[in-house]
Amino acid sequence: MEYMNLENEKVNTSPKKQINITELANMMNKLSTIMSKNGEPMKSRAYQNAEDTLLGITEPITDIEQLKGKPGIGSTMIEKMKEFVETGTLKLLEKEKENPINVLTDVYGIGPKKAKELVEKGITTIETLREQQNAVLNDVQKVGLKYYDDILERIPRSEIDEYNELFERVFKKVAEEDSRYEIVGSYRRGAKTSGDIDVVITSKNENIFKQFIDELLAEKVIIEVLSRGKIKCLVITKLGSKHARRVDFLYTNPEEYPFAVLYFTGSKAFNTVMRGHALKMGYTLNEHRIKKNIASLETSPGKSPTKSPIKDIKEEKDIFDLLKLEFKNPDERMDGRAVIPSGPIQFVDRQTKEKTVKKREPKEPKEKTRKKREPKVKTTEEVKEDVKEEPLVIEPVKIDEMKIEEPIVIPEKAKKTRKKREPKEPKPPKQPKPPKQPKEPKEKTRKKREPKKPISPKEEIKIEKEPKNNDIIIPEMPSPKEKRESPKGTEGLLEEFKVKGFAFIETLSEKQLSDMVKVANDYYYNTKTALLTDNEYDIIKEYLERKYPKNAVLAEVGAPITKNKVKLPYEMASMDKIKPDSNALPGWLKKYNGPYVISCKLDGVSGLYTTEGDTPKLYTRGNGTIGQDISHLLSVLHLPKESGIVVRGEFIIPKKVFDEKYKNEFANPRNLVSGIINSKTVDSKAKDLHFITYEVIKPVIKPSEQMEKLKELKFEVVRNKTITELTNDILSEILIEWRKSYEYEIDGIIISNDEIYQRKSGNPDHAFAFKMVLSEQMAEAKVVDVIWSASKDGYLKPRVRIEPIHLAGVTIEYATGFNGKFIEDNKIGVGALIQIIRSGDVIPHIKSVTTPAEHAKMPLVPYTWTSTKVDIVLENAGEDITVREKNITAFFVSLEVDGLSSGNVKRIMTAGFDTTAKILKMTKEDFKKVEGFKEKMIEKVFNGIHEKVGKASILDIMVASNLLGRGLGERKLKPIIEKYSNILTSPETNEEKIKMLRGIDGIGPENAKSFVSNIPVFMDFLKECSLEGKLSEAPKRAETTMVESNVNTSGPLYQKKIVMTKIRDKEIIDYLVKVGASLEDNIKKDTFVLIVKTHDDVSNKTKYATENKIPIMTPQEFRDKYMN
């Protein structure tokens, strides 16, 4: 059957499917909006231009290539459109849906600038914004947030019909004879749903507009006024219990009314094409009027022709007739194809102005010169496509043919060419005042500078793209004595990233990100101190690669050298990386059959050593083509001097030497190495420097032979091995082993196919770097953030965000951080490299830390450590809005009040009822003040509170309040109240009460102290909530005696210990009593099952259960297995 389909496809002559241009235009509009929100106006404008072009297309399009070359549509736009047509969406659009700036700007009144401010304050979700709105939003923005969910809901046509009936009734109250209104927009075009409602109103009496709005306010149809003026009023309206809606009212005078209704009815595509048609006929059409473009004979030179308004337009049809177009009903005005001439039309030739415009005297022509362009040179990527990589024996390609003996030293500071000015005429001297002698006048002239031959910066940096080499390259670089040039504030952005993490760089523009990479490169290669660790740098650069893959800085290698600059005799390319969780390795193996040479990727400074000239020379890599001459270090390195060899290696210091001599002085070995290399003198530290070789450039031999040759020449050679089979597991095992046992720091391994390949510009295809471990249930990942959130007890719990990895068929972006001690002790912060394990369906957790961050990323809010120094707690946790919300929610959930989950509790708190006591005392009228609460919901919640709280015992209230101490739940409080029912009010001292409690099984010293010390707090709570009466009610005792006598001792749960974490399921708890099982607070090896709310919940208990192979179940899974 498949074969027949293919055959049919070959002979199919049916026409190609037409591409929906409107959808493409809408996609460009979304991209334009996103770029505008992200602070990139140029990109936004580019997408808008492409959208305008698409909207003007009326001919059928069956192939995206038909659009190539049209205004504003280049190769980037073509790629985007192809992706959209093939997939129905764009990766960029899908990704940007999660961008907090795009989420926050959906709130009415919040623009890109405000959204960015909010993100910088750590507000990245609507929920967080609601919690902190009083501190960060103005009144209009608060209104937008209040109705955020409603405004995002599309409005059904039937509901707009109701509004139309209402508007008509109200409008009749105030209308005069000439007054009328129209609901325009997509509703008038017949759409089934609309985003908002647009109403155009007209009358000779301007007061009608004001009176109409006042009437709607009086009828309480308008519930919020966002802005109000004489001709425009933006409001939020509501019909009964329906959603709140955005409505815009616009006033226009009767002369402009037909134009306004036409404009606000037509789709954007229809309006664009119709206006373009008008221009061709010599008219200018907008939402106010239509004008004839008259080239007046009296027009002064240099001024535009005048425009004469057309009168006698009473209805929309008059506009169609004037423009000689077929009239289209509103529901036909969907796109530009609806603009159809009614007959032959003679368009105005806008280029031939002399037919209507008075001739002007010709101006003196200016000589125009176009900058001479260099011949186009193929990019690295184009060269790669042209040159088919095959094994061959060939001499290495040099950068130029100059003699290596005398490398050209490039001056440290190059003078800029400045346009020479003519000297000014000398000013006459002032009349001298006696007795002073007059001074000779000085001729003021600008100092002349010798011009230099201008050289394009692009030519300087990307030499590999030039067909020929210049003898000298002189990039304009600052003198070493000058202050380092970098974009203003970029170092500050780098520091802020290290503190705030990945969420911060998501708010930055392309220019800010590329500047950060440039400055980091400059410090790394040209100073003694790097601003970022390797992993921190990789996070920024890889994010830039994903979001802006064509940014020029990504093509650069290293950084421009600022001193002792020389053109390198051979290009020193970098190495592409293959991530183990991608599908890149299988693709590479299809092209290269092995054997494969594996070597360590040393974490030092890359160098080049050559003995081709009269004297040996040593260089750093620099940017790959321009490096630094550091031959003065040969005096301490003692490298072999056999003539005619060229090798690459790494400057590095052994781990043991660094730990013994330099650990307290330098952050890491590579910073020390950079300092030695950039120093002008050779001091004692240079004697600890090693040059570990890993490649022979000359003579030309394959990688395995290169390693043997280096040994033969008595170089120190990188650890290596040759294998015939490659898999992620094999590479991961090698990487783990070599990291542990090698005497030098490594940040990965290099894999090369063991053949000879022609040296060419750019990173080689036949080799790659492998930097992160991956196995079936374990992977390495870089930490991009540590997110801290408060529990209901005020404990700050860490969640570690990592770069997305694929493990066991699942994409993973987060891992549990356990507690404050774990994060601080292991220095888990931005840039840390951690090992993640995932067992079954349990959320991943951190097995170990491969490379710690420079500093742990601890909370930015004030906190204190617990007495055990394991957890951290918010200072003044009771005042934190998140902690309060969680405690209030827990109170009502514990009492099983229907309708009071987290979302509704947040809404109630936003309305001002922000304590449990206030909510308990709310009236039905109070609930009407809560956003989204309708009559039905009010009845349910109000009655539910009074019913459940009324039935609750003092024990239930104690458990629900969470005030008697952490870890004191129902299981521990129940025996306390059963044994000492009046302990809350009895006269014993605290010490006596603690002693009493210690006699109860399961109550330890910490529990006892916590309970007793918190009795006053709980008593104040009862008083505040008017629940003191619960103290005098008889405690409910569990009727367990009869149950225990009827327990089935052969049941699967008999005498089994069950632990629940982050959930209390009353049905299961009651069932455990019936079957003779016990509910425990602490998990131990004899725990039978751990019950969690969801498998995404992570805690020390889930970690313990995973490590000890204790089953982890959700409540439903437990019911299905043991209760049904």
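Each residue, glycine too, has its Cβ placed from N, Cα and C.
Annotated in TrEMBL:
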type     : residues : note
DOMAIN   : 18-334   : domain 'DNA-directed DNA polymerase X'
DOMAIN   : 65-84    : domain 'Helix-hairpin-helix DNA-binding motif class 1'
DOMAIN   : 102-121  : domain 'Helix-hairpin-helix DNA-binding motif class 1'
COMPBIAS : 350-367  : compositional bias 'Basic and acidic residues'
COMPBIAS : 376-387  : compositional bias 'Basic and acidic residues'
COMPBIAS : 452-469  : compositional bias 'Basic and acidic residues'
COMPBIAS : 479-488  : compositional bias 'Basic and acidic residues'
DOMAIN   : 508-897  : domain 'NAD-dependent DNA ligase N-terminal'
DOMAIN   : 925-944  : domain 'Helix-hairpin-helix DNA-binding motif class 1'
DOMAIN   : 995-1014 : domain 'Helix-hairpin-helix DNA-binding motif class 1'
(message) With Cβ-Cβ distances below 8 Å as the criterion, list the same-chain residues six or more beyond the ends of the domain 'Helix-hairpin-helix DNA-binding motif class 1' (65-84) that contact it, or say none.
(response) 23-24, 27-28, 31, 46-47, 49-50, 52-54, 57, 90-92, 550
(message) Looking only at the domain 'Helix-hairpin-helix DNA-binding motif class 1' (925-944), how are its residues distributed among DSSP helix, strand and coil?
(response) 13 helix, 0 strand, 7 coil
(request) Grab the same-chain neighbours of the domain 'Helix-hairpin-helix DNA-binding motif class 1' (995-1014) for me: Cβ-Cβ under 8 Å, and only residues 6 or more beyond its ends, written as numbers and ranges. (result) 963-968, 971-972, 975-976, 979-980, 983, 988, 1081
(message) For the domain 'Helix-hairpin-helix DNA-binding motif class 1' (102-121), what's the mean pLDDT in this predicted model?
(response) 86
(message) From the DSSP assignment alone, can you count helix, strand and coil residues within the domain 'Helix-hairpin-helix DNA-binding motif class 1' (995-1014)?
(response) 13 helix, 0 strand, 7 coil
(message) Let's see if you can do this one: DSSP helix, strand and coil counts over the domain 'Helix-hairpin-helix DNA-binding motif class 1' (102-121), in that order.
(response) 12 helix, 0 strand, 8 coil
(message) Do any residues, 6 or more residues outside the domain 'Helix-hairpin-helix DNA-binding motif class 1' (925-944), come within under 8 Å Cβ-to-Cβ of it, and if so which ones?
(response) 146-147, 149, 241, 897-900, 904, 907-908, 910-913
(message) Quick test of the contact rule: Cβ under 8 Å, at least six residues beyond the ends. What residues does that give for the domain 'Helix-hairpin-helix DNA-binding motif class 1' (102-121)?
(response) 34, 36-39, 96, 129, 132, 136-138, 140-141, 143-145, 147-148, 151-152, 226, 246, 500, 503-504, 506-507
(message) Based on DSSP, tally up the residues of the domain 'Helix-hairpin-helix DNA-binding motif class 1' (65-84) by helix, strand and coil.
(response) 13 helix, 0 strand, 7 coil
